[in-house]
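Pulled from TrEMBL:
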- 1-34: region 'Disordered' (REGION)
- 55-77: transmembrane segment (TRANSMEM)
- 89-112: transmembrane segment (TRANSMEM)
- 132-150: transmembrane segment (TRANSMEM)
- 210-230: transmembrane segment (TRANSMEM)
- 257-281: transmembrane segment (TRANSMEM)
Amino acid sequence: MEGKEEDVKLGANKYSERQPIGTSAQTDKDYKEPPPAPLFEPGELSSWSFYRAGIAEFIATFLFLYISVLTVMGVVKSPTKCGTVGIQGIAWAFGGMIFALVYCTAGISGGHINPAVTFGLLLARKLSLTRALFYMVMQCLGAICGAGVVKGFQGKNQFTALGGGANVVAHGYTKGDGLGAEIVGTFVLVYTVFSATDAKRSARDSHVPILAPLPIGFAVFLVHLATIPITGTGINPARSLGAAIIYNKDHAWDDQWIFWLGPFIGAALAALYHVIVIRAIPFKSRS
């Protein structure tokens with residue numbers, strides 16, 4: 001026993017100095033700020049990866065609209081909300097699909113699935129204007145197709161009667177209320193995207209494993225819980241446009257500007273906050 005105790009003591013004192021772990025083990029070499037993307041990059045147009053990324057955005061937004069709008073249809077169709085997934089279920093459908101789709105497409109296109117996210121990343125110089133415009137077009141086309149498939153399943157009459165999953169400002173709220181809800185909701189989403197994908201944070205907190213799609217999807221879920229009663233929750237211009245085009249009723253088009261202006265303002269504010277506040281914080285290892 002004495003021999004074993006001596007071995008334990010020897011092992012415990014083998015290293016006289018405390019070894020740094022976690023953030024204390026980080027050095028300045030662990031972090032490298034990626035260069036800003038050029039505004040125009042004509043060379044992308046001749047690259048297959050550019051078009052592959054656009055296809056990924058189209059498919060992801062198509063699936064996003066298909067699942068989310070179909071969920072909304074099911075809730076609205078039921079005479080009693082107790083027999084459906086309710087608002088919480090709708091929020092989970094949106095947030096869960098974003099989590100799954102960002103996870104699937106992040107390595108191909110970055111997993112934007114939202115023109116507001118693309119716009120925010122463009123302002124922060126994370127991608128070129130060429131790629132941003134291409135992504136937005138593909139996202140909108142995917143959203144239109146996704147909502148169209150839902151209409152095909154539901155039938156024109158029933159789809160129209162159930163509201164088509166279109167975003168409108170709810171009764172009792174002003175257009176200013178709706179715009180404010182979209183601005184704040186999109187800020188939460190895009191701010192989360194910047195935080196979850198920040199290279200500086202990944203280097204500094206590498207001892208804390210983080211799956212980026214998880215907080216992004218959770219942010220979408222929480223924002224939907226808060227703003228479904230106000231606007232039905234847009235925070236994604238492609239989602240709002242796709243449903244509005246397939247539904248094609250005046251009251252959906254009357255509020256459509258809110259679901260573009262609000263998310264773009266929210267994304268711009270999140271990008272500004274990231275560039276001025278977050279990116280300006282010097283990287284320091286905790287040694």
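Glycine is no exception: its Cβ is also placed from the backbone N, Cα and C atoms.
A TrEMBL annotation is a machine prediction, not a hand-curated record.
When Cβ-Cβ distances below 8 Å are used as the criterion, the transmembrane segment (210-230) is approached by residues 87-88, 90-92, 94-100, 102-103, 106, 111, 169-170, 173, 177-178, 181-182, 185, 188-189, 192-193, 195-197, 202 of the same chain, each at least six residues removed from its ends. Within the chain carrying the transmembrane segment (55-77), a Cβ under 8 angstroms from the stretch's Cβ atoms is held by residues 84-87, 89-90, 93-94, 97-98, 101, 104-105, 108-109, 111-114, 135, 138-143, 145-147, 149-150, 153-154, 158-159, 162-165, 232, 238-239, 242-243, all 6 or more beyond its ends.
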